[in-house]
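Below is one structure, written out as C-alpha cells; comments come after it.
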Amino acid sequence: MRMKKRPRRLRNNKMIRSLVRETKLHIEDLVYPLFVVEGENVKKEINSLPGNYHLSVDRLKEEIEEIRNLGIRHILLFGIPNNKNHLGEEAYSKDGIVQKAIRKIKENFDDIYIITDICMCQYTDHGHCGILTSEGRIDNDETLKYLGKIAVSHAEAGAHMVAPSDMMDGRVGYIRESLDKEGYEHIPIMAYSAKYASSFYGPFREAADSAPSFGDRKTYQMDPANGEEAIREVDLDIEEGADVVMVKPALPYLDVIRRIKYNFNIPVAAYNVSGEYSMLVNAVKNGILSEEAIMEALLSIKRAGADIIITYFAKEVAKKLRGDF
Ligand code: PBG
C-alpha cells in the first residue's frame, strides 16, 4: 500500500518515541503537600490519604529528608491545630502550628521551598473558610483582615510563598498590601484562583478535619459548571497581584487549565486533589488499573497546560522518574 504519511513511523521504538515526546514530567514541577499536627513524635498515616502522614513538628525533618533525597524541593504546608475557635486565632498566632513548622524546616534545610496554604477552615470551629456574621453568613470583607494577618504571620515565620485558598473576593489584593506593608514585597502569592466547590475534596477534609459543620462552600467556591467565570477570577487575581494562578481540582478541570494557559501569560498551577488521588490509589490497589495510570493522569495535567502540579503522588512520581518505581 502506498502511503506517504504514516504516523506510526514515529512510534517505532522507544528511542524515537522519546525523541518526539511533547510533554515530560519533571521533579521540579511538583509540589508535595504536608500535614503538620500538634504533639510530639507523631507520624501517623492518614486513613483517607494512604502514603501520606500527619506529622508533628519534631518528625518533619525525617520526612523532608526523605522527599529531598527523592529530589522534591517544594512543599505546601497545611496545619491542623489543636484548638479551633470562631475567629480561627491559631491561624495567625506566632506559635501556631504552621509557624512552628516553618521555623523548624528553615532551621534544618536551606533548599526546601516552603509554600503555605492561607485559609481559615482548619482553624475555625464551624469549619468555614472565613469569619461568620451573626446571621451565619461568611463575612467577606471582615475575613480579608484575618487572611492578611495569616499571610504576614507565615511570612514572618519564614514562608517563601503564600497560597490563599479561601476564595473571598479581593483577598489577593488585600494580602499583597498586607505583605508589602510589613516589608514582605518579595514574597510571591500563588492564588487558588479557579477553585471549584468540588466533591473531590472529601479525603482532604477528613485529613485536615476541616469539613464545614453546616451548609457548604458554594457561596464562595466556584460552580463546577462554569469555565468563563474561571477566566474572570484569574483576571481579577492577576490584577490584584497574583504571581501564580491555580486551578483546583485538576483532572475534572483540564479544559479550565488549558483555557487559562492560553489566555494569560503567567505560571499556572494545578492541584491534583485528594479525591483524584484516592480514586487512582484505590483502583491500583484493587487491581482495576495498573500503576501506569498514575503517570498518565499527571502527564495529562501537564499536557493541558499546568506548569506546576501539586500532588500527593509526588513521591511516587519522583521514584518513577529516577527509575526505581
Ligand atoms: C482549604 C483547602 C482545601 C483543599 C486545599 N485547601 C479544602 C476545601 O476547600 O474544602 C483541598 C485539597 C484536596 O482535596 O486535596 N480551603
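Numbers run from 1 along the shown chain.
The backbone N, Cα and C atoms fix where each Cβ goes, and this holds for glycine too.
Note: TrEMBL annotation is automatic and uncurated.
Taken from TrEMBL as is:
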| type | residues | note |
| --- | --- | --- |
| ACT_SITE | K195 | active site, schiff-base intermediate with substrate |
| ACT_SITE | K248 | active site, schiff-base intermediate with substrate |
| BINDING | C119, C121, C129 | Zn(2+) binding site |
| BINDING | R205, R217 | 5-aminolevulinate 1 binding site |
| BINDING | E233 | Mg(2+) binding site |
| BINDING | S274, Y312 | 5-aminolevulinate 2 binding site |
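Here K195 (active site, schiff-base intermediate with substrate) is positioned 9 angstrom away from the residue listed as 'Mg(2+) binding site', judged by their C-alpha atoms. Same-chain residues with CB within 8 A of the center of the C119, C121, C129 CB atoms, the Zn(2+) site residues themselves not counted, are M120, Q122, Y123, T124, H128, G130, S165, D166, S210. Within 10 Å of R217 (5-aminolevulinate 1 binding site), counting C-alpha to C-alpha distances, fall the following of the recorded positions C119, C129, K248, S274, Y312: C129. Residues distinguished by a CB atom under 6 angstroms from ligand 1 are absent from the recorded positions K195, E233, K248, Y312. Note: the Cα of K248 (active site, schiff-base intermediate with substrate) and the Cα of Y312 (5-aminolevulinate 2 binding site) are spaced 14 Å from each other. Rounded to a whole number, the distance between the Cα atoms of R205 (5-aminolevulinate 1 binding site) and C121 (Zn(2+) binding site) is 9 Å. Taking a C-beta cut-off of under 8 angstroms and a sequence separation of 6 or more, Y312 (5-aminolevulinate 2 binding site) has the following same-chain neighbours: Y32, P33, L49, G51, N52, N272, S274, Y277. C119 (Zn(2+) binding site) sits 13 Å from R205 (5-aminolevulinate 1 binding site), taking the C-alpha atoms as the reference points. A straight line from the CA of C129 (Zn(2+) binding site) to the CA of K195 (active site, schiff-base intermediate with substrate) spans 13 Å.
You'll find the Cα of K195 (active site, schiff-base intermediate with substrate) roughly 15 Å from the Cα of R205 (5-aminolevulinate 1 binding site).
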